[in-house]
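According to TrEMBL, the protein carries these features:
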- A:12-35: transmembrane segment (TRANSMEM)
- A:114-304: domain 'ABC transmembrane type-1' (DOMAIN)
- A:118-139: transmembrane segment (TRANSMEM)
- A:151-171: transmembrane segment (TRANSMEM)
- A:183-205: transmembrane segment (TRANSMEM)
- A:226-251: transmembrane segment (TRANSMEM)
- A:283-304: transmembrane segment (TRANSMEM)
Amino acid sequence: MAAIRTPVQVALNRTAIAAVLVITLIFLAPIYWIASTAFKPRNLATTIPPTVIFEPELSPFAKLFTKRSQLREAPTPEEYAAAPWWERLVFDGGEKVVRSGRGEIQLSAYPNRFLNSLIVAITSTVLAVGMGTFTAYGFSRFKVKGEQDLLFFILSTRMLPPVVVAIPMFLMYRAVGLNDTHWGLILLYTAFNLSFSVWLMKGFIDEIPREYEEAALVDGYTRMEAFFKIVLPEAATGIAATAVFCFITAWNEYAFALIMTNRRAQTAPPFIPSQVGSGLPDWTVIAAGTFLFLLPVAIFTFLLRNHLLRGMSFGAIRK
Amino acid sequence: MADIVLRDVEKFFGSVQVIRKVNLTIKDGEFVVLLGPSGCGKTTTLRAIAGLEDITSGEIVIDGKPVQNLHAADRDIAFVFQLYALYPHLSVFENIAFPLRATRQPRSAVERQVRQVAAALGIEHLLARKPGALSGGDMQRVAIGRALVRRPKAILMDEPIGALDAKLREDMRMELKRLHIENKSTSVYVTHDQVEAMALADRIVVMHDGVLQQVGTPSDVYAHPANLFVAQFIGSPVMNIAPAAVKTEGGRVRLALGGGAAAFEMPAELAPRLSATGAGGALSIGVRPEGVQLAREPATGTIDLEAHLIEPLGAYDIVDLKVGEGFLRARTPAGFVARPGDRVHARLDPAQTHFFDQRSGASLGIRLGA
Ligand SMILES: Nc1ncnc2c1ncn2[C@@H]1O[C@H](COP(=O)(O)OP(=O)(O)OP(=O)(O)O)[C@@H](O)[C@H]1O
Ligand SMILES: [Mg+2]
């Protein structure tokens, strides 16, 4: 049924749409900037005014994934013909820089750092959300002595800006050999996220009526079975939301990653700026690295969008 | 199916006692309704039987076996919750099958039993749906299906139809009664709606402040309330309760109400029966509105009263008669008293007059002319 709308309503509606468009543009501008720079030829990356129309290239990505250090002459036609496709991309971009010192093509550290980021972020998210869910369930469903105090204590672990303890943490990590290890970062990020995860999950689990579990208990299930068969599926929305938040925190963390890691376990955030290097920075490579780095969070959030958007109150308990 | 026995069951929440020395035997196949006002401990009693709540002291015996220390899962009892508690993420089929899955039966057996129960409840066409897409009545049928499918020792229901609208509630009430007659399952049903209790129960248990007030058949509880609380809680419209004094003059016994504003004639046997109870204290009487009989013409034993208010309820009217400062409500055929202010002639039916000790509220057990 088409609603009849007054001119005022139509005007209001159009204003709202215009406002949303403007806000969207403001928020998308930096992302467009990164994405477009990642596909620009190097000489167009820093022009003033900015180049908006250009022929996109993949050479920044080719450079991102390979090690290049030696400067040399432009390639001869034979060299060009013999070069693999990704190297040709770089030549096409007008660069003469391809080979490392010994003249071999090597994979850059970027894929490894990216993988480190994935390992650390995913593992710490699983741990924080898993432990957080169990803890929240306990607080939500059982009489816990000093519940309020314990919950406040858990929250209080977030009250100090984490960077304040970075140096002592680094010293302790070095003493126990946790610096520059995956487990070191995983432990750190899990601890960061746990208090947040407990509080968020407690809110979600409090929303799930006890009757669901009680029905399962009466119907012959143990509390553990009731938890896995009933509470977990019901809490899926909350778990998804909590996981997205924890993942984003762990994925984007920069300061501790910079201090605690330098090689083996280094994650992408401290690695990408380190590629600015000396001399003239190649912003297209930085942009390419950043662009790829943005994707996992976008994909993860996109995959969980249904869970994130679905309301909590789709259940069969009527309030 | 089995019997359930509660022995001296008590329950404290912290320092608050919500069940006091409850003793109750529910026979095999019986439909017992726990009836009482909000907060009287009905739900707590039911949850204690199910094992969802520990009891502080006492014994709960199901099928001859003390169960007060067993987990809910080990008591083989089904529970229908007030808000159904259907699992939103499971289909209706899986909801009903859920208790069977705990017993690890073969797929085909589960399927057969679920379909059988669904057929009995007329919800076969809903099996593929999610609970969120059901009406209140259908949700309730599914919840009952989930309780029935396992053939438990007993089915406990906590206001299962309290959330439905009036019409649907009546339909479901009949359906529950039919199901009980077909299945003969031991059932304990909690409600604060006395009409529901009267309609469904083999026996009604009236509760107040955690204490059992009276246990009996619906007609028993209605006709012989054990105390003032039961008298006022059961029956609609509510029973008239008034302080009364017995006056004897020249062999005629009268019952004076409203501080002597009206004196109703009673059979002479009342005086000796009253003194025989030994209750010398103040007396209260209770008469249901249908026990206040009205006539247009004076007759023996009637007294003249003014109609103050008339509530037409369709099938009958409720007429408020002014007696001193208070009122006596009478039930009359529709339109019997034309308008407020009219005078009518009233008598109390001795057979429907209840006598209570005003202080303790207990019935004196006197039945006249019956
Ligand atoms: N978990 C609890 N902790 C403390 N007090 C409780 C708890 N559960 C119930 N009570 C109290 O116990 C008393 C009895 O509650 P119960 O739920 O058994 O009443 P009810 O007869 O079922 O009432 P209603 O008709 O409102 O459902 C109430 O006063 C209630 O406040
Ligand atoms: Mg209740």
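Please read every residue number as a count from 1 along the shown chain.
Glycine is no exception: its Cβ is also placed from the backbone N, Cα and C atoms.
In TrEMBL, annotation is done automatically, which means it is predicted and not curated.
Ranked by number of Cβ pairs under 8 Å to the transmembrane segment (A:283-304), the listed stretches A:12-35, A:118-139, A:151-171, A:183-205, A:226-251 are led by A:226-251. Here the transmembrane segment (A:183-205) has long-range neighbours at 119-121, 123-125, 127-129, 131-133, 135-137, 139-141, 151, 154-155, 157-158, 162, 169, 173, 231, 235, 237-239, 241-242, 245-246, 249-250, 253, 256-257, 260-261, 265, 267, 312, meaning same-chain residues at least 6 beyond its ends whose C-beta is under 8 angstroms from one of its own. Listed by sequence, the residues of this chain that lie at least six past the ends of the transmembrane segment (A:12-35) yet keep a Cβ under 8 A from its Cβ atoms are 5, 287, 290-291, 294.
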